[in-house]
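J.: One structure coming up, written as structure tokens, with questions to follow.
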Amino acid sequence: MLLYVTLILGCWSAFSESAETDVAERANKRPIWIMGHMVNAIYQIDEFVNLGANSIETDVSFDKDANPEYTYHGVPCDCGRSCLKWEYFSDFLKGLRKATTPGDSKYHAKLVLVVFDLKTGSLYDNQAYDAGKKLAKNLLKHYWNNGNNGGRAYIVLSIPDLNHYKLITGFKETLKSEGHPELMDKVGHDFSGNDAIGDVGNAYKKAGVTGHVWQSDGITNCLLRGLSRVKEAVKNRDSSNGFINKVYYWTVDKRATTREALDAGVDGVMTNYPDVITDVLNESAYKAKFRIATYDDNPWETFKN
């Protein structure tokens, strides 16, 4: 009996040490969000997640009254992609909700973050607040199910124009007036126009944003772009007084570019080919430093190694 107890305790001790080692190794690896690019049709959610994406980017176009209308990019778009796939925005949100609600037959546990690329270029500056207000109402009804067991993914509102910072204000104030200010815990922000980092910071000050900031940098895969601004964003992220929490680079379709982006310290890679990014992350040099982010990773928290 004593021998049996000794064996059990020995096994438990070894198991505990192994578990502690796994936790420590996980904590030392930067979590990476593989962002499936231009996922605008509901069926593409499955397609991109099955290829390895744990995040998707979806385009949102607005009508003349600042209502979010379609998930649609249009031409031109990335080389090698169809630019014309679309859904009604409300329908896409319902499909997305199913894909991110535990227990649903379409649920993907892996899909933890959604970037809405808000095509506000069709709007006047003074419509930005209304666009945020109407966007919030759509998400509240069709994605969050009015706060009753809705989709669980984190949401990034990506705005191309710094002058449209009031979209953030309209979104936040609407969730509050509708009785669900807590949902802002699931919402982050990005200005995607490749503006000067200092100008981006000033826009956030105007919007009253003090956290949950992703900073994008990039260009269509048809063209080349260096990593100098990415490195500037990473420097801001890692400084004691920076406003950026996470940095992502788009559109990355090649292994060499993926390695360069990871070496620069990004947290996310937006791609048309998630399997390419997964392959690079599985290379020994990168497997030791990075891991694919899960729902347990807070996308608003700056990674400290």
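Indices start at 1 and increase along the chain as displayed.
Positions of Cβ are set from backbone N, Cα and C atoms, glycine also.
Pasting the relevant annotations from Swiss-Prot:
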type: SIGNAL; residues: 1-18; note: signal peptide
type: ACT_SITE; residues: HIS37; note: active site
type: BINDING; residues: GLU57, ASP59, ASP117; note: Mg(2+) binding site
type: ACT_SITE; residues: HIS73; note: active site, nucleophile
type: DISULFID; residues: CYS77-CYS83; note: disulfide bond
type: DISULFID; residues: CYS79-CYS222; note: disulfide bond
type: CARBOHYD; residues: ASN282; note: N-linked glycosylation site
J.: Out of GLU57, ASP59, HIS73, ASP117, the recorded positions in the record, which is closest to CYS222 (disulfide bond) when you go by Cα distance?
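T.: In terms of Cα distance, CYS222 (disulfide bond) lies closest to HIS73.
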J.: What is the nearest of the recorded positions GLU57, HIS73, CYS83, ASP117, ASN282 to HIS37 (active site), using the Cα of each?
T.: GLU57
J.: Which one is closest to CYS77 (disulfide bond) in space, judged by CA to CA distance, out of the recorded positions GLU57, ASP59, ASN282?
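T.: For CYS77 (disulfide bond), the closest Cα among GLU57, ASP59, ASN282 is found at ASP59.
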J.: To the nearest whole angstrom, state the Cα distance for the pair CYS79 (disulfide bond) and HIS73 (active site, nucleophile).
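T.: Rounded to the nearest whole number, the Cα-Cα distance is 13 Å.
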J.: Roughly how many angstrom lie between the C-alpha atoms of ASP117 (Mg(2+) binding site) and HIS73 (active site, nucleophile)?
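T.: A Cα-Cα distance of 9 Å.
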J.: I need the least crowded one of these active-site residues (HIS37, HIS73), counting other C-beta atoms within 10 angstroms of each C-beta.
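T.: Checked HIS37, HIS73; of these active-site residues, fewest Cβ neighbours within 10 Å: HIS73.
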J.: So among HIS73, CYS83, ASN282, all listed as recorded positions, which is physically nearest to GLU57 (Mg(2+) binding site)? Use the C-alpha atoms.
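T.: Smallest Cα separation from GLU57 (Mg(2+) binding site) among HIS73, CYS83, ASN282: HIS73.
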J.: Determine, for the Mg(2+) site, the additional residues of the same chain whose CB lies within 8 Å of the mean position of the CB atoms of GLU57, ASP59, ASP117; present them in sequence order.
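T.: Filtered neighbour residues, in order: HIS37, MET38, VAL39, ASN40, THR58, VAL60, HIS73, VAL115, PHE116, LEU118, LYS119, SER158.
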J.: Check the binding-site residues GLU57, ASP59, ASP117 for other C-beta atoms within 10 angstroms of each C-beta and report the one with the most.
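T.: For the binding-site residues GLU57, ASP59, ASP117, the Cβ with the most other Cβ atoms within 10 Å is GLU57.
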J.: Which one of the disulfide-bonded residues (CYS77, CYS79, CYS83, CYS222) has its C-beta surrounded by the most other C-beta atoms within 10 angstroms?
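T.: Of the disulfide-bonded residues CYS77, CYS79, CYS83, CYS222, the highest Cβ count within 10 Å belongs to CYS77.
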